[in-house]
Amino acid sequence: MASDNTEDKKVKEVRASTPSPPSGKERFKWYGPGLIWMLSSVGSGSVLFTPRVGSRYEYSLLWIALIVFVLMWVMIKEVGRYTVVTGKTILDGYRDISGKSGWALWLIFVPQIVAAVVTIAGIAALAGSALMIAFPGNQLTYAIGLIVLSIILVVSGRYVWVERATNALAAILVVIVVVTATRVISSGQALLKGAVPNIPSDFDIDFVLPWVGFILAGAAGIMWFSYWVVARQYGGPQANPSDVDHIDADADENEERSNKLRQWVKIMSTTAAIGVLGGGLIIVAFTILGAELLAPEGIVPEGIQVAKDLTRLLSEVWGEAGYWMLITAIVIALGGTVLANQDGWGRMFADATIVLLAPWFEKNDKVEFKNRNEIHTKEDLPRRQHLFYSSITQRRKLKNIYAVLFCAVIPILLLFIVQDPVDILSIGGAVAAAHTPIVVFLTMYLNYKKLPKQLSPGIFATVVMTLSGLFYLGFALFYFIQGGTG
């Protein structure tokens, strides 16, 4: 077995062992989590930007969403493929292909810090907008209160029950929105016409790009799918370096192991497809509501009163009950999104930091380094040194530090400057769209370089991944050339 630090370009990686994949009815237990992923996609892209696009362009840009659904399925599937086959997170993989400099991780780390700050601030501002029109008080107070409450739950680690409750209420929102959409749609022909590519004469890249960036997962959500695969142990538990076999590219791979892993990849892929199909249904439903209920009134939700405009999505069909249903849904669903994002970004930043610092830890006499997953601060250090090193070697402590700083303190400071959810989230959506090509091409290179031929992506996945990168890159370039200079 080759060392964990091998730089041989011909060396491929595969987890040393994998359990037998489920078969028959047992597979359905592994498909269910796809629905949870679907509910996690009910964020600002669905609730805010999709009705805005539906209101302004009606069904004219539906084809873009349909393209993104296919691209997103392949993107998260390919990120998941690496984790299923190797047992390692996608950030571990990015570190391995970038050597000691960690250039690939820096390409991920820095843009995502910006995305974390603006996305959390924007989502909290949107939830605050909803609370402001329903109860006494101002938007800023509610937005800050939501961020503070969420970060307390994240740092304490006592948020599982809250996450389950928000998922349950998000599921109710999904059902209500889909039922409402089927009631108000006036022409199935118009919906089908929107599936045909067409660029409206008043196409505004500044208006559309944030929506594209936030459809379903976004750049961060694509990478988080790797952690989701690890947590649910598709292909087996997370692998330590000693649990990964390094084999020569020309060597024959163990056929039994390859067959098992191919089945695990297929199960993971089906689960991803279920999540994307469900999330896509939500996007289409919100598009219908925007086109049928907001467009005729000439209402494009914007400003700190944005939630007031959004309540029309249900109140015009269900009356006052619909009004309160949407207010409740916005607060609960988006509150859950803030919670999940604080935890998710905190984990990702902590993981990236430990992976980047691993070469330094390995040489440092103040820590005991076995591998990137097993780093311990020596107990005989002076108090201040022990506090410092334990803060950067223990993932939970480091996660909490990042979550508090970049997912609470700085977003709150941003809210004192800008309160408009649309303005804040537009920046986050633009960052997500511009960052996605980097994630796509890094993942393609990683899978090509590190996975055995028998388990690497096929022609279909390679072509679609290439198109995905070019699709988002084209939008980003168009934005900076046309919109970004305006």
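For all residues, glycine too, the Cβ spot is worked out from N, Cα and C.
As annotated by TrEMBL, compositional bias 'Basic and acidic residues' applies to 1-15.
Annotation comment: TrEMBL describes 1-25 as region 'Disordered'.
What TrEMBL lists as transmembrane segment is 30-49 (among others).
Per TrEMBL, the feature transmembrane segment maps to 61-80 (among others). Below 8 angstroms of C-beta separation, residues 50, 53, 90, 191, 194-198, 200, 208, 212, 215-217, 221-223, 225-226, 229, 234, 265, 268-269, 272-273, 275-277, 279-280, 283-284, 287, 436, 439-440, 443-444, 447, 457, 461, 464-465, 467-468, 471 of the same chain, each at least six residues beyond the ends of the transmembrane segment (61-80), sit close to that stretch.
Residues annotated as transmembrane segment in TrEMBL: 101-134 (among others).
For 140-161 (among others), the entry in TrEMBL reads transmembrane segment. Beyond the ends of the transmembrane segment (140-161), by six or more residues, the same chain brings 120-121, 124-125, 127-128, 131-132, 335, 338-339, 342-343, 346, 396, 400, 403-404, 407-408, 411-412, 415-416, 419 to within a C-beta distance below 8 angstroms of the stretch.
Same-chain residues lying 6 or more positions outside the transmembrane segment (168-188) and placing a CB less than 8 Å from one of its CB atoms are 38-39, 42, 278, 281-282, 284-286, 288-289, 292-293, 313-314, 317-318, 322, 325, 328-329, 332-333, 336. Look at TrEMBL and you will find 168-188 (among others) tagged as transmembrane segment.
The transmembrane segment feature in TrEMBL is assigned to 208-230 (among others).
Here the transmembrane segment (267-291) has long-range neighbours at 21-22, 27, 30-31, 33-38, 41-42, 45-47, 50-55, 58-59, 62, 65-66, 69, 72-73, 76-77, 80-81, 84, 174, 177-178, 180-181, 184-185, 190-191, 194, 215-216, 225, 229, 234-235, 313, meaning same-chain residues at least 6 beyond its ends whose C-beta is under 8 angstroms from one of its own. The transmembrane segment annotation in TrEMBL covers 267-291 (among others).
If you look up TrEMBL, you'll see 321-340 (among others) marked as transmembrane segment.
Taken from TrEMBL, the feature transmembrane segment applies to 401-418 (among others).
The transmembrane segment annotation in TrEMBL covers 424-446 (among others).
Residues or ranges marked as transmembrane segment in TrEMBL: 458-481 (among others). Within its own chain, the transmembrane segment (458-481) is flanked in space by residues 67, 70-71, 74-75, 77-78, 205-206, 209, 212, 430, 433-434, 436-437, 440-441, 443-444, which lie at least six positions past its ends and keep a Cβ under 8 Å from the stretch.
Packing against the transmembrane segment (401-418) from elsewhere in the chain are residues 113, 116-118, 120-121, 124-125, 140, 143-144, 147-148, 150-151, 154-155, 341-343, 345-346, 349-350, 353, 391, 424: each is 6 or more residues past its ends and has a CB under 8 Å from a CB in it.
For the transmembrane segment (101-134), the neighbouring stretch richest in Cβ pairs under 8 Å, chosen from 208-230, 321-340, 424-446, is 424-446. Long-range contacts of the transmembrane segment (321-340) within the same chain, counting only residues at least 6 positions beyond its ends with a Cβ under 8 Å from a Cβ of the stretch, are 40, 42-44, 47, 120, 123-124, 126-127, 130-131, 133-134, 146-147, 150, 153-154, 159, 162-163, 165-167, 169-170, 172-173, 176, 180, 307, 310-311, 313-315.
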